[in-house]
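Colleague: Below: one structure in structure tokens.
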Amino acid sequence: MSKSKGDCLQPGRGVTAIYLLPSLLVYLLVFILPVVLIIIMSFFKFSSIKSFTFVGLANYKNLLSDPNVFLALKNNIFLVLVCLVGQLGIAFLLACMLNSKRVKGGGVYRTIIYFPVTLSAVVIGYVWQFIYDYNYGLITYFMNAVGYGDAVTPLLAQVDYVMWYVCIPMIWQYVGFHLVIMLSAMTAIDKEILEVSEIDGCNSIQKARYIIMPLIKPTLIICVFLCISANMKAFDHIMTLTNGGPGYASNVLALYAYNVSFQQFNMGYGSAVSVFILVVTAVLFVISRVPAMVSRRREQHGKN
């Protein structure tokens, strides 16, 4: 049987595999191989290439009895929860506003809001360190200008509130990232659906809650995953803002793994902390999917 012209133009499986092979090799070398090496290193007492001893699960036993690990984990969970509400909540509200016909020049606003995403996290950290600075910061300058200079306190030295001050620049930087993702999903919604909801008397809140949110649910789930992943491996902002201080008040798992590995030269234990980050992140992913799974089962039972 002779092949059609369309079949001749389609590449064979071998050609497709050849094209995919370079990307696959890069992925294996850059992502998979380091993860495998870190898992292997976590079973060793490892300080240098010439000094490593197999210790089995000793690093993980030490990890489970290390109070600094659980303090850092608590801070990571705090970051995840606050940024889920702050980043995704603000991004969703702004996306609904920019998707409205009443807002003119949405592209300009979108560019302005997205601009912090293009900056390095280290730059953001130093900028906000200057804003928070007790002696020369912008907050201090403003408070002195309005006559309340005596009320100024060293914000980043407050043990009970330092994590809140760390969250603010992280929310400010990444709101634009989630805004662009959500807005792209909202623009794909059929305009007739939104117009019909307005004719039926839905206000803006009802339209966002009962129309827009269910229609962009897959996009929201992706944003949740990205937010959890980013905040579980948070490092740059905290390193430049507080370096985990005061004391260990703002320490997080990635920063703790870095300090253990490269300050104390205990790379085996640092690798175990890194594996712990991976496991906790995976658990949070599963937990975040539970509401959607429950909702889906209820819908299936309702149909039956």
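Including glycine, each Cβ sits where the backbone N, Cα and C put it.
Pasting the relevant annotations from TrEMBL:
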DOMAIN    73-288  domain 'ABC transmembrane type-1'
TRANSMEM  20-44  transmembrane segment
TRANSMEM  77-99  transmembrane segment
TRANSMEM  111-131  transmembrane segment
TRANSMEM  162-189  transmembrane segment
TRANSMEM  210-232  transmembrane segment
TRANSMEM  267-288  transmembrane segment
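Let's see these features in context: how buried, what's close, how far.
Modeller: Proximity of distant same-chain residues to the transmembrane segment (77-99), defined by a Cβ-Cβ separation under 8 Å and at least 6 residues beyond the stretch ends, is recorded for 106, 109-110, 113, 163-164, 166-167, 170-171, 174-179, 182-183, 186-187, 204, 208, 212-213, 220, 223-224, 227-228, 230-232, 234, 252, 284.
Panel annotation: around the transmembrane segment (111-131), residues 94, 137-139, 156, 168-169, 172-177, 179-180, 236-241 of the same chain, lying at least six beyond its termini, place a Cβ under 8 Å from a Cβ of the stretch.
Within its own chain, the transmembrane segment (162-189) has Cβ neighbours under 8 Å at 75, 78-79, 82-83, 86-88, 90-92, 94-96, 98-99, 110, 113-117, 119, 121, 124-125, 127-128, 132, 155-156, 212, 215-216, 218-220, 222-223, 226-227, 230-231, 234, 237-238, 241-242, 245-246, 249-250, counting only residues six or more beyond its boundaries.
Residues of the same chain lying 6 or more positions beyond the ends of the transmembrane segment (267-288) and with a Cβ under 8 Å from any Cβ of it are 35, 38-39, 41-47, 52, 55, 59-60, 62-63, 69, 73, 76, 80, 221, 224-225, 228-229, 232-233, 253-254, 256-258, 260-261.
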